[in-house]
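A.B. asks: This is the structure I have questions about; it appears just below.
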């Protein structure tokens, strides 16, 4: 029901746009893209409810799809014939398979969470995970390799937002399962070792001023105010919200941010999903989106908690 209301609301936003974005190709393209996102989540929800695949399969799919992206990026770095392949702009704006480096960082963050989730769920249900069978040990080696790849890429990309999101996610998961989640000590040490090695690999392979964990720390320490700490995004959010003062209900329409006059910075987005929803779709769609997101989060937290007790995860 929430998704249907979301679809109706974005249609209203498009046709009520003060910039007539319903008649501009970039506005319509963004509208169709949003509809495809909604349909994807509907199809995924129906599939998960109907077939109920073991959660570890879903988590492993997230992990290894992103690990494949990292392997592809390594191949591009070493073997691409492009002359400017080792430039900062090439890797910040055109990261292989993803595009923007910060988008890649959040993808890797999701992959790392998937690693921890699959190991935590299976370990709690299985008990001593490492001693179950030879197949389990081989599976753990594959997961450790995937964890190394996505974690090293996450820290190599140097996105403070993705790193902070990762820490907050772990804190949230620990809070949800604080009385039940007791991992095998040996398994925990292996995971920590892999993460430390990944961070070291990211540090020694950092090539630009925007990547690597130490560069991220230096940028944070050098910031003289909150706006600089946020890389100027605070000012972007403020003038974005000011631009929709008279269009707060349905926003400016699809890709409306691009048409805001006299922007302080020439960016294609406000670098904040909530602000972007407010600018493009207004309060109506943003409230629907947050409602759907909170409902999904509560459902995932509940399923994650219950899945630790289901033996079918090991089948």
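Backbone N, Cα and C atoms are what each Cβ position is placed from, and that goes for glycine too.
Heads up, here are the entries from TrEMBL:
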- 146-290: domain 'O-antigen ligase-related' (DOMAIN)
- 32-48: transmembrane segment (TRANSMEM)
- 55-79: transmembrane segment (TRANSMEM)
- 108-132: transmembrane segment (TRANSMEM)
- 139-157: transmembrane segment (TRANSMEM)
- 163-183: transmembrane segment (TRANSMEM)
- 190-210: transmembrane segment (TRANSMEM)
- 273-293: transmembrane segment (TRANSMEM)
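What does the local environment look like for each feature on the list?
C.D. replies: Across the domain 'O-antigen ligase-related' (146-290), DSSP helix (H, G, I), strand (E, B) and coil residues number 96 helix, 0 strand, 49 coil.
Through the fold, the transmembrane segment (55-79) approaches residues 48, 85-86, 95-98, 104, 107-108, 110-111, 114-115, 117-118, 121-122, 142-143, 145-147, 149-150, 152-153, 303-304, 307, 313 of its own chain, all at least 6 residues removed from its boundaries and within a Cβ separation under 8 Å.
Within the same chain, residues 60, 63-64, 66-67, 69-71, 73, 95, 101-102, 104-105, 108-109, 111-112, 115, 118-119, 129-130, 163, 166, 187, 190-191, 194-195, 197-199, 201-203, 205-206, 211-213 sit at least 6 positions outside the transmembrane segment (139-157) and bring their C-beta atoms closer than 8 Å to a C-beta of that stretch.
Sequence-distant neighbours of the transmembrane segment (190-210) (same chain, 6+ residues past either end, Cβ-Cβ under 8 Å): 86, 88, 91-92, 101, 116, 119, 140, 144, 147-149, 151-156, 158, 219.
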A.B. asks: Which sequence positions outside the transmembrane segment (32-48), separated from its termini by at least 6 residues, show Cβ-Cβ distances below 8 Å to it?
C.D. replies: 3, 6-7, 10, 58, 254
A.B. asks: Summarise the model confidence on the domain 'O-antigen ligase-related' (146-290) as a single mean pLDDT, whole number.
C.D. replies: 80
